[in-house]
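Colleague: If you look up TrEMBL, you'll see 20-39, 76-97, 128-150, 185-209 marked as transmembrane segment. As annotated by TrEMBL, domain 'Connexin N-terminal' applies to 42-75. TrEMBL lists 141-208 with the feature domain 'Connexin cysteine-rich'.
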Amino acid sequence: MNWGVFEGLLSGVNKYSTAFGRIWLSLVFIFRLLVYVVAAERVWSDDHKDFDCNTRQPGCTNVCFDHFFPVSHIRLWALQLILVTCPSLLVIMHVAYREAKAQRHRAASGDNCRCIYPNPGKKRGGLWWTYLLSLIFKASVDVIFLYIFYRFYRNYTLPRLVKCELPPCPNVVDCFISRPTEKTIFTLFMVVTTCICVMLSLIEAAYLIGKRCRECLLASGGDSRR
């Protein structure tokens with residue numbers, strides 16, 4: 001990955017975010033993305049290789065592993081991080097669209113024309129709705145993935161021993177997971193950081209709505225006085 005491009009994207013997201021959005025971005029980048037890249041991938045690198053069952057029946061280990069671990073934590077987290085960061089990029093694209101539109105208008109009407117967007121990054125009109133919907137989408141994605149993890153891995157924990165009796169296993173087979181305690185700790189850490197990110201997104205959405213309502217009330221009060 002080109003880290004120069006990635007740094008430019010992060011600075012753009014940080015530039016057009018509120019204080020809550022900057023905290024959310026720091027949590028996602030430091031406590032979710034970096035933990036995923038640096039540590040989590042290594043912890044789950046041996047999940048299938050070291051899944052041991054006390055049988056030599058061909059295919060039994062693979063069937064049991066697929067039953068108890070239908071989707072890897074790593075792949076779910078990767079999909080979650082992709083979906084949860086895309087809305088922030090849409091905000092940057094909306095600002096870039098505003099800047100390009102203002103530039104075309106200035107080129108067509110001259111430098112003394114009235115600016116369409118005095119501040120393209122200011123959250124007004126369509127950009128306000130884009131930003132608000134991005135917050136709702138990010139919180140919804142995180143909540144959905146929390147539910148998916150809960151359904152696949154009850155209480156977000158991994159047991160040390162699972163009992164499998166699926167064919168072609170000859171009988172009830174005991175299977176053992178590699179490093180279940182370490183994986184449970186990482187899973188709970190990611191769950192906690194995800195919950196914090198959901199709360200930050202909801203707080204930021206409430207802040208935007210409250211600020212907009214306050215501005216509308218002040219504007220209506222000014223009009224009534226005039």
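Just so you know, glycine gets a Cβ as well, placed from its N, Cα and C.
A TrEMBL annotation is a machine prediction, not a hand-curated record.
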Colleague: Quick one: average pLDDT across the domain 'Connexin cysteine-rich' (141-208), no decimals.
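Modeller: Its mean pLDDT is 89.
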Colleague: Would you kindly check 20-39, 76-97, 128-150 and say which stretch has the most C-beta pairs under 8 angstroms to the transmembrane segment (185-209)?
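Modeller: Comparing 20-39, 76-97, 128-150: 128-150 has the most Cβ pairs near the transmembrane segment (185-209).
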Colleague: DSSP on the domain 'Connexin cysteine-rich' (141-208): how many residues come out helix, how many strand, how many coil?
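Modeller: With helix first, then strand, then coil, the domain 'Connexin cysteine-rich' (141-208) has 44 helix, 8 strand, 16 coil.
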Colleague: Treating G and I as helix alongside H, and B as strand alongside E, what does DSSP give for the domain 'Connexin N-terminal' (42-75) in helix, strand and coil?
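Modeller: So the domain 'Connexin N-terminal' (42-75) is made up of 14 helix, 2 strand, 18 coil.
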